[in-house]
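Some features that Swiss-Prot has for this protein:
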type: ACT_SITE; residues: S205; note: active site, acyl-ester intermediate
type: ACT_SITE; residues: E332; note: active site, charge relay system
type: ACT_SITE; residues: H445; note: active site, charge relay system
type: BINDING; residues: G123, G124; note: substrate binding site
type: DISULFID; residues: C72-C99; note: disulfide bond
type: DISULFID; residues: C259-C270; note: disulfide bond
type: DISULFID; residues: C407-C526; note: disulfide bond
type: CARBOHYD; residues: N64; note: N-linked glycosylation site
type: CARBOHYD; residues: N113; note: N-linked glycosylation site
type: CARBOHYD; residues: N248; note: N-linked glycosylation site
type: CARBOHYD; residues: N263; note: N-linked glycosylation site
type: CARBOHYD; residues: N348; note: N-linked glycosylation site
type: CARBOHYD; residues: N462; note: N-linked glycosylation site
type: CARBOHYD; residues: N488; note: N-linked glycosylation site
type: CARBOHYD; residues: N492; note: N-linked glycosylation site
type: CARBOHYD; residues: N493; note: N-linked glycosylation site
type: MOD_RES; residues: S205; note: phosphoserine
type: SIGNAL; residues: 1-8; note: signal peptide
Amino acid sequence: MVTRSSHTEDVIITTKNGRIRGINLPVFGGTVTAFLGIPYAQPPLGRLRFKKPQSLTKWSDIWNATKYANSCCQNIDQSFPGFHGSEMWNPNTDLSEDCLYLNVWIPTPKPKNATVMIWIYGGGFQTGTSSLQVYDGKFLTRVERVIVVSMNYRVGALGFLALPGNPEAPGNMGLFDQQLALQWVQKNIAAFGGNPKSVTLFGESAGAASVSLHLLSPRSHPLFTRAILQSGSSNAPWEVMSLHEARNRTLTLAKFVGCSTENETEIIKCLRNKDAQEILLNEVFVVPFDSLLSVNFGPTVDGDFLTDMPDTLLQLGQLKKTQILVGVNKDEGTAFLVYGAPGFSKDNTSIITRKEFQEGLKIFFPGVSEFGKESILFHYTDWVDEQRPENYREALDDVVGDYNFICPALEFTKKFSEWGNNAFFYYFEHRSSKLPWPEWMGVMHGYEIEFVFGLPLERRVNYTKAEEILSRSIMKRWANFAKYGNPNGTQNNSTRWPVFKSTEQKYLTLNTESPRIYTKLRAQQCRFWTLFFPKVLEMTGNIDEAEQEWKAGFHRWNNYMMAWKNHFNDYTSKKERCAGF
């Protein structure tokens, strides 16, 4: 039920936990009602730190859902102080462990049975919050008359620390947070005019990886209908870590903060008593090598949310049977290069040498054998025009983008479609006119989001007319997909987006010109990453060990030879002495 009191324009809705008050926002000559900061779980404080989220109890008053809630505790990116390009991703509300809240935007007048789109933010499972300006749901709600929902979930050690098998810190808490928010939507969205049987998950980067994990997690299956994955998938190399690795990282963190003991329960108890800030300061040191794309604490195969590695589940077809829409941006790698790859800077053109390219490979592929790195260098060298100055800069962008985002996303889509599900793939190639990063960084990771959420529609923000048209077309396709399982909807005037099949692999380009259809995106490079590179690792992964063993063996043999020689000399001198009698 909705009641309006005329003087304050507040909107009150009754949920299963109690009444909440929303706020009316003017959007493009109409109104959207927003409910910001609705609690969906008990605050994970004290003894609940590191545990799965617990359901909420009821409240008796009216909950004021008129402003964004706290963001979850996380480290802040301070690499480029005062620079909007990096700071736009930093939390814009207070940080707290009390952060399990969600937001709902509904059209007015209140719809009946509207399609729901649930956004899951990215940030490598280490950072992120639902209150960022680029995730504002009001434009999408107003233009497409869908209900938009977004939730905060725990990140970093507080969201993903794991001692596998121990209920005190089972791992994947951040994913269980998301799952509980999906349950909240199932129970409550009808009161907002939403249809619980028409729910599409969408997310970017680690958010898209999360969406694809919900596709692989049986408990999530009844909680949504369809899925959109922007620049991320669960089979990416940075995505899921083994139980062994997760456990080691927990023990390393415990050591750093002075919680090392034999007893696991004692370790967790000790970690619970530490200040959140101390955990944040130390969690960045748990990865033993200096890598630029490291997920310190992230999803694990816990046997509960995730029963096996994503690759295996995809192979076995253990996934939700539904439609997916997946895609990537043209320059997925550049965003990571300016955070420490040799020779790269946001303040110059970052023309790098072959040597710097090789140094870069060391940073992005720690632990990979020399032969492995050599094979990447060989595959990504432009042998036709070796002297072109931009070559190595573009090559490292491609290496990082192909390996971490583009090829895993294509592979996921291919496998998913092989199980008889309709899939649609896009390639986003428009560089926003508002992009604060330098020209050479191209169409960057994360910069399609503003077009999905309709930011270019706001006239006073100074996007170009062509960008407004592109944004409207993307919003229309995303909403069509959410409503009907097909981005084409009913209009015939725009380019039809073909279904992606594992044989032809057709995809659509998204840009300010007219969209085009191509086949087999980056086929050559992705064959390298999915087929050749794993073989190289398999064959050479233990070359270093073999070399060590050989050296040790040679050393032992050398010692035997020396000993034998000494014995022999000893023997001959004695023999000579005997012969002289």
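Cβ coordinates are placed from backbone N, Cα and C, and glycine is handled just like the others.
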Look up S205 (active site, acyl-ester intermediate) in the DSSP assignment and reduce it to helix, strand or coil.
coil
Return one of helix, strand or coil for C526 (disulfide bond), based on DSSP.
helix
Distance check, please: Cα of C526 (disulfide bond) against Cα of N462 (N-linked glycosylation site), rounded to an integer number of angstrom.
38
Report, as a single number, how many Cβ atoms besides its own are within 10 Å of the Cβ of C72 (disulfide bond).
28
Number of Cβ atoms other than its own within 10 Å, given for N64 (N-linked glycosylation site):
14
Look at each of the disulfide-bonded residues, C99, C259, C270, C407, C526, and point out the one with the fewest other Cβ atoms around it within 10 Å.
C270
Reduced to three states, what secondary structure does DSSP give C72 (disulfide bond)?
strand
Same chain, 6+ residues apart, C-beta under 8 Å of the C-beta of S205 (active site, acyl-ester intermediate), given in sequence order:
G122, G123, G124, Q230, S231, G232, H445, G446
